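Note sheet for the following structure.
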Amino acid sequence: MILIKNGHIVDPQNNLNDKFDILIEKGEIKKIEKNIQPFAGCEVIDAEGKIITPSFTDIHVHFRDPGQTYKEDIESGSKAAVAGGYTTVVCMPNTIPAIDDVPIVRYIIEKGEEIGLCRVLPSAAITKGRKGKELTEMALLKDAGAVYFTDDGAPVMDSFIMRKAMEYAGSLGTFVADHCEDLNLSQNGVAHEGEIAAALGLPPLPPEAEDTMVARDCILSIQTGMPVHICHISTKLSVEIVAWAKAMGAKVTAEVTPHHLYLTDEEFLDFSCIAKVSPPLRTHEDIEATRWALASGIIDFVATDHAPHAHYEKMQELQACPPGMLGLQFALPIVLELVKKDYFDLNRMVEVMSIQPAKKIGLKPPQIKEGEIAELTIFDPFETWEVNKETILSKSKNTPLLGRKLTGKVKYTFFKGKIVYRD
């Protein structure tokens, strides 16, 4: 048995936003009351000053397995996930080979279950080999356990293919998610087209490369009546397009990454390849737009786009180095900062970190409720910690946050009634 004492529980699903004790027996939440007395043989966790929420779900991570496990693998990725308070993650299909066949889908699920730290689920490719030419066998992949379809890392440039994919996935009760980038506009750009790129002489990547593809996908959703999900939305205009599409009745959802809520293109001022990400880091105006869109519900939830790369890969010259940065361990402190700055409250934080992403992939969100299996995150909202190579649990350490201090630290993560992470 485990008794969690004195923690402040936040779970809008059960109208909880107060200080309670939680008694967990054989993995199940037995009691949620004030002043539960400890007894012999019971592990007591003193959560005074801590916040307890349902554990988090991230529908967009890159665990690089199969094919690039020198960057990350399912075990190291799972360790990073639970250290960030996550108990469900969805792996992207830009592996080697791509997740476009049933055996690879099964491999991801079985490997995650074998490790057992968190729920590791696969997405599957929209097109074979992620080449944008021919649709995968979506029905077979979904039956094998793929939770949705995406060619993430690359857009679906062919609008006819994208329309057919939306119709096929929608008929199966799932959805497609698009990496919205018009390659004819982005060319080989590396930094947001603006003052910073111009001053540094960096190849510019215009925001229209994202905006036009977001508009296309939203229009296809309106016309077909089928759902579409916008990955890592990052521009003010894209936010406005999604708001318009939702007002038109489109079944469109959107995610935003922690780095697009927190970091700007000023990270390039030291010419650091660590700052290269796709879509690129944007301006303060774009960040402000995404923050308020997340608060209002135009953006539905947070997804980290956790993208590990080896040190030597990120030390190449800008055009050669791969885009991407870590995110799983930094999402909580970044989103929590928005709570502290009054963009939204803790209830909304739980919505965007836990409830809405779980619902999006058809899962019942974790709940803090008597009779439920404990899937909880306990964090200290005021603990400051340094991001360094020791505190990062991923194999790779590629983040512009190295050496910086963040406030908000996960102390315990419960998965299927067991403690899978303790700080």
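Each position is counted from 1, following the chain as shown.
Placement of Cβ uses the backbone N, Cα and C atoms for every residue, glycine included.
Residues HIS62, PHE63, ARG64, ASN94, PRO323, GLY324 are given by Swiss-Prot as substrate binders; from HIS284, HIS309, that same site also lists HIS309. Binding of Zn(2+) 1 is attributed by Swiss-Prot to HIS60, HIS62, ASP305, and within the candidate set ASP151, ASP152, ASP158, ASP211 the record adds ASP152 to that site.
Binding of Zn(2+) 2 is attributed by Swiss-Prot to ASP152, HIS179, and the same site annotation extends, among HIS232, HIS259, to HIS232. The binding-site residues recorded for this entry are HIS60, ASP152, HIS232, and the Cα of ASP152 lies nearest to that of ASN94 (substrate binding site). Shown are the binding-site residues HIS60, ARG64, HIS179; of these, the residue with the fewest other Cβ atoms within 10 Å is HIS179. Classification of HIS60 (Zn(2+) 1 binding site) by DSSP places it within a strand. Using a 10 Å Cβ-Cβ cutoff, PRO323 (substrate binding site) registers 17 neighbours. Taking CA atoms as the reference points, HIS309 (substrate binding site) and HIS179 (Zn(2+) 2 binding site) are 19 Å apart.
For the recorded positions ASP152, HIS179, HIS232, ASP305, a Cα to Cα distance of within 10 angstroms from GLY324 (substrate binding site) holds for ASP305. Straight-line distance linking the Cα atoms of HIS232 (Zn(2+) 2 binding site) and ASP305 (active site), rounded to a whole number, equals 7 Å.
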